[in-house]
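First comes the structure, then the notes that go with it.
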Amino acid sequence: MPELPEVETVKRGLAPTMEGALLVRAELRRPDLRFPFPENFEDAVAGRRIVALSRRAKYLTIELEGGDVIIAHLGMSGSFRIEFDGPGEGRIKESADPAVPGDFHRPRSKDEKHDHVVFHLDASCGPARVIYNDPRRFGFMALARREALAEHVFLRGLGEEPTGNALDAAYLAARFSGKAQPLKAALLDQRTIAGLGNIYVCEALWRSGLSPKRAAGTLVDKRARPKQALVQLTDAIRAVIADAIAAGGSSLKDHIQADGSLGYFQHSFSVYDREGEACRTSGCRGTVERIVQAGRSTFYCPHCQK
């Protein structure tokens, strides 16, 4: 499932084409994805200019002129691509570095089997199509008003973003104080950190030398202040997310960028999906193990993560 860095990468790839463009019409090729599309979705968004693209946790938001906002979730296998309706000056850009999000767009191609939504745009570079493809159909789209966005059923109750200054050790100490819950489960709670998923929790715990099985409350002292280990964990979370965004996310099964290229952070994994391989901590002679926590795979080194 695409996590925060993947969705951020998609947002950055779509924004140069979509922001400021006129959404001429939305074409729905089926009545639903994971959930039914909002009633009159096509009519509600047609003829509206796109003001801005943003991201909240693992959700992409597309703000339209007039205050309506499209909320999109990629589910397990969803992806966007940008295609232009014909050759023309400035419509197709190629970069020496195709991994840069948004620097490469494709000419129009034949429709693919799982192209379920097509946004037809009048963009600054000419007519374009932004196509949502989702083989498993676990993604979904919803509509909300800008002023009520934070309280939308999909967004309300989300915790702090791991990319902002609000996520610090004091914040996590307040959330973890007195908790016997395993550290990994506490970090995956979207009410604590919005958008943080399985891959990047494993990587952050390895970077900070902490066991995923350790009780979250052990990182907080008796006065509910963060111990140094929690400070290090907070720094590791922010760093691993920043590194993953810079690498364009991780391409494991289904994630591709809006330009059709792959993310590269999976080549930097230190523990995730490395069961049985040597730990990459300097001087550590341990090997990466896989355990299951709450039905999900956890990868860690029991030798150096305590």
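Just so you know, glycine gets a Cβ as well, placed from its N, Cα and C.
Taken verbatim from Swiss-Prot:
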ACT_SITE  P2  active site, schiff-base intermediate with DNA
ACT_SITE  E3  active site, proton donor
ACT_SITE  K58  active site, proton donor
BINDING   H114, R136, K179  DNA binding site
ZN_FING   270-306  zinc finger
ACT_SITE  R296  active site, proton donor
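Known features from Swiss-Prot, placed on the structure.
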residue	record	Cβ within 10 Å
P2	active site, schiff-base intermediate with DNA	28
E3	active site, proton donor	22
K58	active site, proton donor	23
H114	DNA binding site	17
R136	DNA binding site	13
K179	DNA binding site	17
R296	active site, proton donor	14
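Cα of R296 (active site, proton donor) to Cα of E3 (active site, proton donor): a distance of 15 Å. In the three-state DSSP reading, R296 (active site, proton donor) counts as strand.
Proximity to E3 (active site, proton donor), judged by a C-alpha distance within 10 Å, picks out K58 from the recorded positions K58, H114, R136, K179.
Whole-number maximum of the Cα to Cα distances across the DNA-binding residues H114, R136, K179: 44 angstrom.
Using DSSP to sort the residues of the zinc finger (270-306) gives these counts of helix, strand and coil: 0 helix, 12 strand, 25 coil. K179 (DNA binding site) and K58 (active site, proton donor) are 26 Å apart (CA-CA, integer value). Between the alpha carbons (Cα) of R136 (DNA binding site) and P2 (active site, schiff-base intermediate with DNA) lies a span of roughly 13 Å. Separation of the C-alpha atoms of H114 (DNA binding site) and P2 (active site, schiff-base intermediate with DNA): 18 Å, rounded to the nearest whole number.
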